[in-house]
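Here's what Swiss-Prot has on this protein:
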- D36: [4Fe-4S] cluster binding site (BINDING)
- D296: active site, proton donor (ACT_SITE)
- G431, M432: substrate binding site (BINDING)
Amino acid sequence: MKLAYWMYAGPAHIGTLRVASSFKNVHSIMHAPLGDDYFNVMRSMLERERDFTPVTTSVVDRQVLARGSDEKVIRNIVRKDGEEQPDLIVVTPTCTSSILQEDLHHFVRQAQLASRCDVVLADVNHYRVNELQAADRTLQQIVEFYITKARKSGELDGLPQKTERPSCNILGISSLGFHNAHDLRELKALLRDLDIDLNLVIPQGASVHDLKHLGRAWFNVVPYRELGPMTARYLQQEFGMPYIEITPMGVVETARFIRQIQQILNEQGIPVDYEAYIQEQTLHISQAAWFSRSIDCQNLTGKKAVVFGDSTHAAAITKILAREMGIHVVWAGSYCTYDGEWFQAEVGEYCDQILMTEDHTRVADAIAQAEPAAIFGTQMERHVGKRLRIPCGVISAPIHVQDFPIGYRPFLGYEGANQIVDLIYNSFTLGMEDHLLEIFGGHDTKEVIHKSLSADSDLIWTREAQAELDKVPGFVRGKVKRNTEKFARERGLTEISVEVMYAAKEAFGA
């Protein structure tokens, strides 16, 4: 365990609460001390929804520490059952309250006897998994609970009857997901074009009573690696349902996704051929393929970029940059360190290096050393980019409220490909833009911090050298500063004068 003031993925209970609060009429009770109860505030601030967050905190206070939690937890469960009348109550401790080592299973069993709704304890090890892994496990646990319940009651006997027309489930659309609502809308449109019905979307907006119908679909779609694969594997094991793990992000991967659907339907006796649809969308409907061959996009060829985010988005954006737009990806990385083997296999051929870490300082230093023309990452990489004066496009959670847009901004499908191309192109500094702003004045005339993220307090710039540095065009000033400081350190200098600047320029050949 280590102290951190920044985490890419939150603690396990956040993942459990994200999944539970995505379902309709499901309430969560968090057994936690004050301080762990920030999920309500975070979700209310970020998610653009009208409803209150259905989470109650059963506070671990001095009385609980003295007398135990059983009476309080059971009372809160029974009270919420009466007040809210939910279909399900999910009980979860946090990593802090788990230290008490209380028998929450016993509390849940006792509460179930006095409650009309179902009560489930989240089956998550709060010390071993993070938010994403816990969300994946919680979704699978809830699905398994209701399918098992349906089997016991006789509502589900053997393999369920398939829908008359080809249909699918979409697994993994959740609260606080990165552009999830927009991606769902785009996926629905894509499936409608392919004449495929939608059976269920889980967990977002789903009723737990409908989960017994999951097996009626012909196949499952898992758009994100972070949430849904465990449920897809369980449904495959339980009902023999095939599933698609290809993320339809970018023109090439969207075509692969559609061909995978075609293969699954052909294997189930439906002779479909989607090649004409793929060609029409790629060549005439989507603007992404055309734009990638335009003069504007060719200006980006060979430019350097770095990518960091969750496995799904970082891998997809890396492939789009390298394969579809000809941009040189210096390194790509993910904070999903448990998924390193898959990430390496996916993007190893599209970038020079791979960085798997949860340490934001390592990411920041890697960005400073690479000196890319653009960054594609999370909100933390955007902060780093501002300090280094490098533009950043946000492509993955964790994110600020401005990345929960009101307007339609999908990342999946053909419209998503258009949005991504816009994001990538607009993230690069175009030509002499910064330099012209400095020459003619304007909104960007403020003084900018060029300080490297590495410690450089040992070097002093003379007033003349600083004035000379300020004459350098803004889009290369940071690089000139770093090269000069590197030159000075290698020679043991503590002060940078104009002479040192020119010597460094000569040494670096620029």
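Cβ atoms here come from the backbone N, Cα and C positions, even for glycine.
The number of other Cβ atoms within 10 Å of the Cβ belonging to D296 (active site, proton donor), over all protein chains shown, comes to 10. DSSP assigns D296 (active site, proton donor) to a helical segment in the three-state reduction. Here the Cβ of D36 ([4Fe-4S] cluster binding site) has 20 other Cβ atoms within 10 Å, regardless of which shown protein chain they belong to. Between the CA atoms of D36 ([4Fe-4S] cluster binding site) and D296 (active site, proton donor) there is a gap of 48 Å.
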